[in-house]
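Please see the structure below; I have some questions.
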Amino acid sequence: MNQEKGNLLALLPLIIFVSLFLGAGILSGDFYAFPVLVSIIIASIVALAMNRKESLTSKVERFAKGAGHPDIMIMVFIFLLAGAFSGVAEKMGAVDSTVNFALSVLPGNLIIVGLFIIAAFISLSMGTSMGTIAALAPIGVGISSGADISMPLAMATVIGGAMFGDNLSFISDTTIAAVRTQKTEMKDKFKVNFFIVLPAAIITMVILFVLTMGTPSSVDAGSFDWIKIIPYLGVIIGALAGLNVFVVLIGGIVLAGVIGFTDGSFTPSSYFGSVADGMTGMAEIVILSILIGGVVELIRHNGGIQAILYHATRKIKSPQGAQLATAGLVSSTNLCTANNTISIIIAGPLAKTLSDQYGVDSRKSASILDIFSCAVQGLIPYGAQALLVAEVAGISPVSIIPYAFYPVLIAVCGLIAIQFALPKFTRRTATDGDPVRSS
C-alpha cells in the first residue's frame, strides 16, 4: 500500500486487543472476566513482533517513546491526583454528607428527580460514575422500595445522573483523556459540552417527573455536615475559575485533609493512606494508558493510523462529516471495550487528526468524544455501571435499558449539535499543542 492509504495490517494489535476484551466477555457472559491489562500486554507483544524490517531494539524504543509521550504522562499525573482527591474526600465523609444534604432538601414528590440531581452533582464532584453509583445505588433501592417506584427506573436514574457528571467533571478520567488528546482546556471543553447536554438533562428530569408524578416517598435523610461538602465545592469552583488542574486537585486534597484533621476524621496515617489508596485505585487506567500509548505509536509508525484515516475520511467533505466520523469511532470502540475512557484514549488521536484536517474546534471534538463515549457506556448492559446497579438491586442489567433516558438524549443532542454546528463560537486551532484564538 502507498503511504496515502496506509497499512491496514498494522491495526492487528488493536484488533487483537478489542477481540480479546470482547470475545472473552461474550464467551464467559462477563465482560470484565478477562483482565484488560492482559489484553493490552498481548497486543503490545504483537505490535513489537510486527515489521520485521526494523530491529526489536528500535521498536522497543519507539514503543517507549509513545508510552512516555508528554500528553500521556500529564494524563497519568492527573489520574493519580484525581484518585487521591476522591479517596481523601470519600474517607473524610464528603460523599455521605452530600447525599444526605440533597435528600434533606428535596420534597417527596420530586424524589426520583432529586436522585438524578444528586447523582449528577456527586459524579460532577467526584469525577467517577462508578464511585457515584456505589454510593447511590443502595439509596436508589431504598427509594424504589419506600416510594413504590420501578426498580429498573430508579437504577437507570442513578446511572443517568452518574454519566452526567462523568461526562462533565473536571477530574473525570474521560474528561482528562478527551482534553489531553484534543489539546484543549478543561474549562473550555466544559462550557461547550455543558451547552450540548443541558437540554438532555432537563428533558430527562421532565420525563422522570411525569413518570413518578404523585408518588409519595418515605425516604429519610441521614445527618450531614456542611463543612464536609466544601472540598467538592472548592474543586468545582476552582476548575470553573480556570485554575490549573494540578492546582485544583492538590488544593482539594489539602482542603479535605485540613477539614478531616480538624474534625477528627483523619490521623496522619489514615490521611496519607487514603491518598495512597486513591492513587492505587487509578493503577489500572494509568498502566493501560501508558501501554496503549506505546501500541498506538507502533501502529502509527507502521501506517495503521493513516489507514484508518484514509478509509474513515474518504467520503468526508465537511466539518460535520469529520465530527460524525469522530462520534462513530469512539462509539464503536466503546461498544467493543465497554469502557468509555479506553475508547477515548484509542479514538482520541484519530479524532485530533480529523479535527485539524477539517477545521473542527478542539473544544467541540473533545466534547463529542466524551458525549458519545458516555452515551454508549450508559446504554450497554455489559458495562460496569449497569452490572454494578444490577448486582446491588438484584435485577437484570437488560431491564435498565428502557429507562436509560439520559444516555439516549445526550447522543441525540450530540447529533443535533453536529448537524447544526452548535454551539457557535470563534474557532481555535492548535500549533505545537498551544491553542490560538482565531476570528
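Any Cβ shown, glycine's included, is placed from N, Cα and C.
Pasting the feature list from TrEMBL:
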- 28-210: domain 'Na+/H+ antiporter NhaC-like C-terminal' (DOMAIN)
- 244-420: domain 'Na+/H+ antiporter NhaC-like C-terminal' (DOMAIN)
- 7-26: transmembrane segment (TRANSMEM)
- 72-89: transmembrane segment (TRANSMEM)
- 101-124: transmembrane segment (TRANSMEM)
- 136-164: transmembrane segment (TRANSMEM)
- 192-211: transmembrane segment (TRANSMEM)
- 232-259: transmembrane segment (TRANSMEM)
- 279-299: transmembrane segment (TRANSMEM)
- 368-388: transmembrane segment (TRANSMEM)
- 400-422: transmembrane segment (TRANSMEM)
Counting only CB pairs under 8 A, let me know which of 72-89, 136-164, 192-211, 279-299, 368-388 has the most with the transmembrane segment (7-26).
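Looking at each of 72-89, 136-164, 192-211, 279-299, 368-388 in turn, the most contacts to the transmembrane segment (7-26) are made by 279-299.
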Can you tell me which recorded stretch out of 72-89, 101-124, 232-259, 279-299, 368-388 has the most Cβ pairs within less than 8 Å of the transmembrane segment (136-164)?
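Looking only at 72-89, 101-124, 232-259, 279-299, 368-388, the most contacts with the transmembrane segment (136-164) come from 101-124.
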Short question: most Cβ pairs under 8 Å with the transmembrane segment (192-211), which of 72-89, 101-124, 232-259, 279-299, 368-388?
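Looking at each of 72-89, 101-124, 232-259, 279-299, 368-388 in turn, the most contacts to the transmembrane segment (192-211) are made by 101-124.
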Summarise the model confidence on the domain 'Na+/H+ antiporter NhaC-like C-terminal' (28-210) as a single mean pLDDT, whole number.
86
